[in-house]
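S.K.: Not my notes, these are from TrEMBL:
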type     : residues : note
DOMAIN   : 8-256    : domain 'G-protein coupled receptors family 1 profile'
SIGNAL   : 1-18     : signal peptide
TRANSMEM : 68-87    : transmembrane segment
TRANSMEM : 108-135  : transmembrane segment
TRANSMEM : 171-189  : transmembrane segment
TRANSMEM : 201-219  : transmembrane segment
TRANSMEM : 239-258  : transmembrane segment
Amino acid sequence: MYLLAVVGNLIIVALVCAAPQLHTPMYFFLCNLSSVDAIYVSAILPKMLSIIITEDKTISFLGCLTQLYFFMFCALNENYILACMAYDRYVAVCSPLHYSLIMTRKVCFILTTSYMIISAMNSLMLTIMTSILSFCYSYKINHFFCDITPLMALSSSDTHNMKMILSLESLFASVIFLFILTSYVRIISTVIKIPSSKGQLKAFSSCLSHIITVLLFYGPSIFMYLKPDSEDSKEQDKIISMLYVAVVPMLNPFVYSLRNKDVLGAARKTAKIIWSRIKHF
């Protein structure tokens, strides 16, 4: 799963960078998403694999904080990237004549820089707040990676302020999710008004990959926060965490390549160029 996730996402990044036909806002954000996914799995799964192979379940304090920082940084980035991709599809379907005027390279660069800085600063703040907590009672993290909730549960310090900040973070993530939902409600209502079924299919197919990615990313999170608390709740949370930490980054490249003619076409063209150079060499 780790190899599939890293190799698959790096192939998407390489294709978007190499193929001129993929130099569009939609694939620019897809390139960002794939880059974040590759970092996401690399922050967590190698250590987990090391634990499985060596049976050494220890992690250094600095290593734990580093893992926590990159986990939160990538999770926050994915939220913003999916929102940008939803807005991009909204403009493409609902205002196609103004698309090139709205989704310019400058706008894409500003959006990307903004969410990268916000995610980096937000993650750094939460990591620093976690680093100054006292851990007197236990050093056993009830999770398979360093997440902020199990670390707070271990702490003997007052975590009221951190819980308030995390509640605000969850509220903001909910607002982003509602923005994505609203964008797709508008997109679907616009697609329905297209007179020809061929035009409807073409418009909807351009959004299908992103819809699947949104469902894969938010589905486990929504289930985790909506399910009732029970004795087995923590064990269930671990299993659900595995879905969005390992499974979703692995599936994203397949979602965007198997049903996407532009990506498949770019892959074939790039493969032919590489093969011709190998033969010539």
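Using the three backbone atoms N, Cα and C, a Cβ is placed for every residue, glycine included.
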S.K.: Between the transmembrane segment (171-189) and the transmembrane segment (239-258), are there at least three Cβ pairs closer than 8 Å, leaving out pairs fewer than 6 positions apart?
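M.R.: The transmembrane segment (239-258) and the transmembrane segment (171-189): touching, no.
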S.K.: Per-residue pLDDT averaged over the domain 'G-protein coupled receptors family 1 profile' (8-256) comes to what?
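M.R.: Across the domain 'G-protein coupled receptors family 1 profile' (8-256), the average pLDDT comes out at 86.
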